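Taken from TrEMBL as is:
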- B:4-289: domain 'FAD/NAD(P)-binding' (DOMAIN)
- B:317-383: domain 'NADH-rubredoxin oxidoreductase C-terminal' (DOMAIN)
- B:420-467: domain 'BFD-like [2Fe-2S]-binding' (DOMAIN)
- B:483-532: domain 'BFD-like [2Fe-2S]-binding' (DOMAIN)
- B:558-621: domain 'Nitrite/Sulfite reductase ferredoxin-like' (DOMAIN)
- B:631-768: domain 'Nitrite/sulphite reductase 4Fe-4S' (DOMAIN)
Amino acid sequence: MMNWIAVGTLSDIPRRGARCVATPQGKIAVFRTAEDQVFAIEDHCPHKGGPLSQGIVHGAAVTCPLHNWVISLETGKALGADEGAVRTIPVRIEGERLFIALEALASRAA
Amino acid sequence: MTEKLVIIGNGMAPGRMLEHLFEQVPGRYQVTIFNAEPRVNYDRIMLSPVLSGEKAFEEIIIHGDGWYIANGITLYKGHKIVAIDRTAKTVTSDHGVTESYDKLVIATGSVPFIIPVPGHDLPGVLTYRDLDDVQAMLLAAQSRAKAVVIGGGLLGLEAAAGLNSQGMDVTVLHVMPTLMERQLDPAAGYLLQRAVEQRGIKVITKANTQAITGKGKVEQVELADGTIIPATLVVMAVGIRPNAALAKDAGIAVNRGIVVDSGMRSNDPDIYALGECAEVNGQVYGLVAPLYEMARVAASQLAGNEAAAFVHMDTPTKLKVTGIELFSLGDFAEGEDRQEIVLRDAAAGVYKRLVLRDDRIIGTVLYGETADGAWFNDLKKKQTDISEMRDTLIFGQSYQGGASLDPMAAVAALPNDAEICGCNGVCKGKITGAITAKGLTSLDDVRAHTKASASCGSCTGLVEKLMVLTIGDKYNPAAVQPMCGCTTLGHDEVRRLIKAKGLKTIPAVMQELEWTTSCGCAKCRPALNYYLVCDWPDEYADDYQSRFINERVHANIQKDGTYSVVPRMWGGVTNAAELRAIADVVDKFEIPMVKVTGGQRIDMLGIRKEDLPAVWADLGQAGFVSGHAYAKGLRTVKTCVGSDWCRFGTQDSTGFGVRIEKFMWGSWTPAKVKMAVSGCPRNCAEATCKDVGVVCVDSGYEIHFAGAAGLDIKGTEVLGLVKTEDEALEHIVALTQMYREQGRYLERIYKWAKRIGIAEIKRQIMDDGEKRKAYFDRFVFSQRFAQVDPWSERVSGKDKHEFRPMASVGFAQAAE
């Protein structure tokens, strides 16, 4: 069973932007696209660990601020010629409230 | 022995004829050209994009002055020939120049038809024929007032669209019931009218103009039904007629145009005529493709090939209004012996109609989707029997034989003799052949060698696909490297269109310029954001989500995700209080590294993002503001101690450096800008490798620019010497503004200068005081909105979401 934890509201995140959620397993970046889709992934680029939450969000992808890898927010995989992936975290919107599934994260991290 | 060839007229047809002639018999003729227009040969078809602001005149020049010199041509600009003496074999211009000829070519083109209604000669009534007309229209458009275009044909609609995009309130009057009735059937004419009206242009059909009235200038247009339309500008675009008066006066046979045989020769064997003024087999022509064919024939004749002959051809018509796709070819009147195939897609605004006779295409009208125009044209030209593919014919080439809908496959499937460029009559085989034989890799090369896509440019996409098919990855679309994968437009085109179309938001740019992605990418968004900040400083709301993280949080991200902070030290000057404040901040926030930068200031590295606002608050208390060490903007102005301290100093270089920095800080630029001021030619501030540098000398200030000391190493160029500090500041600011307006995003000054030309920059900044002042004023205006310290804004709470996590979760569970 998944345990959904509230982390804030949709309006906390700017469109085409991201905010971080601090967890014992490290930071999770929660993204909001131009069309108000929400995704959560590890805030850690598979390339050199860059903070993806600081990148430019375009479509359903983010460009890492350190070396311009482009990561799909939907799959967590690097797009284009690069290879690598970050973990995606289930996220749900209930009205305005945002929830992420923390156990999924904990169990996978273990 | 060379023969004397005199040409009357300097339009596209004789220009093309000369190209062929010099290729076939170089050196045979000594050429003299009389041009009634005071300029070189330019692409008249592209006047509409000039009117709408999408292109500059320089971009549509076909033969620059250098071409005339290189080919030994004497060009009399602004000379109108007033008489031809066929007995003496001479021509005489209105300025009294008389030249003798062995062969004479008359290429006087056409004159616009003026409806002889009362008031047609009032000031404010224009035609649409040459660059002078376009310039007059652009001038009139500045008033943003009302314009009436008489004529709903190709030219009239292009003029209306151009004036509309220049901000005028435009009404089109058309005497027939539907627009472009000679090229379009009523259904397509209706769709076109709707598209034109959606742009805010009013259309009145069946409009019979009765009079143009006004006191001393145009004030209104009156129609036969009593309608009155106020207007300060009237453009007549109702048609053209061959300009044959000169030939007629000389006793040459003239009917509608100058009568020539299929070898373009008039009834005087030494006199040829070509272009819009010529009449061949009872036909006169106005589209460029047959005129270029005439040019080819005339050149062959002049080269001695008497077999060369002009054959009548149907030419597709395309409307050059951005966003309206329209293609028309051949005969599409209804008749008993004809069948038609029609496809309508109302939602997509698509209408296609093929007119067939005996299972062969004789006419085509495509509206909204014209990609298959080349294929239909090919089928028509070859009189291909289409009975086998009749059911799917209208869906286009890609539907035949179950092939995929890939446009690349469609181009690949075209036969070698399929026409790609209608203007210049270039077929597929000629293009692919030239690419392979000559190893061409850029569009400009293909244009130069084959002429394909070199006139109206509407086949550019096809030519590019051919290049990809022929050489694959080696195709280098260098001439117009697109900004990124989201568009085919280059930086310069995008910048021009932002201004020309008055686009003031990123979504507006993406919508109007047909971006292929929904919200761009990390390459185009920061560029667009900069262009909009630069072009509309007072109106554009900076889009922080389109800035790189450094500019978003006003600090420099480091490899471990922490940040570095560099406060401004004006001109590199500091004092004990400032240094003490920095020391306190370093202690308080346990900043692990403090370093002196190359730009004469202090960098604090390893600051946690969450701490940034607090660090800035403490620095702000001591009077520090952001040093913009992260910005595509003004970074530092490095100085030496100058005349205050140095025994060699000639001017107050420190004071001037501080003054420049205080004047220019906060301004955004295409790439970073680093400056320096040295107090004497010993140049201790290293001003001669900076983006902009000043070397003080006894007699004043030597201004340098376009240096580099990074990826590339390059000494500066000297802009010039000025006497006073005030003048030096004005020149430096104007230079920076010129770069801000023209530079491509991430293009440093030295690269921009190389592209624009050092001489051109000197001309605008050093020699043209008015231009310099205008650049200066625009910079000053823009600074009113730019000089806000981003650190103190954020200390006061702006963008606080950037610096804090949204939530902290899971720690309690982890402790269990």
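Glycine is no exception: its Cβ is also placed from the backbone N, Cα and C atoms.
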Interface check, the domain 'BFD-like [2Fe-2S]-binding' (B:420-467) with the domain 'NADH-rubredoxin oxidoreductase C-terminal' (B:317-383), three or more C-beta pairs under 8 A:
yes
Check the domain 'NADH-rubredoxin oxidoreductase C-terminal' (B:317-383) against each of B:4-289, B:483-532, B:558-621 and return whichever range has the most CB pairs under 8 Å.
B:4-289
Over the span of the domain 'BFD-like [2Fe-2S]-binding' (B:420-467), how high is the average pLDDT in this prediction?
83
Residue distribution over DSSP helix, strand and coil in the domain 'BFD-like [2Fe-2S]-binding' (B:483-532):
26 helix, 0 strand, 24 coil
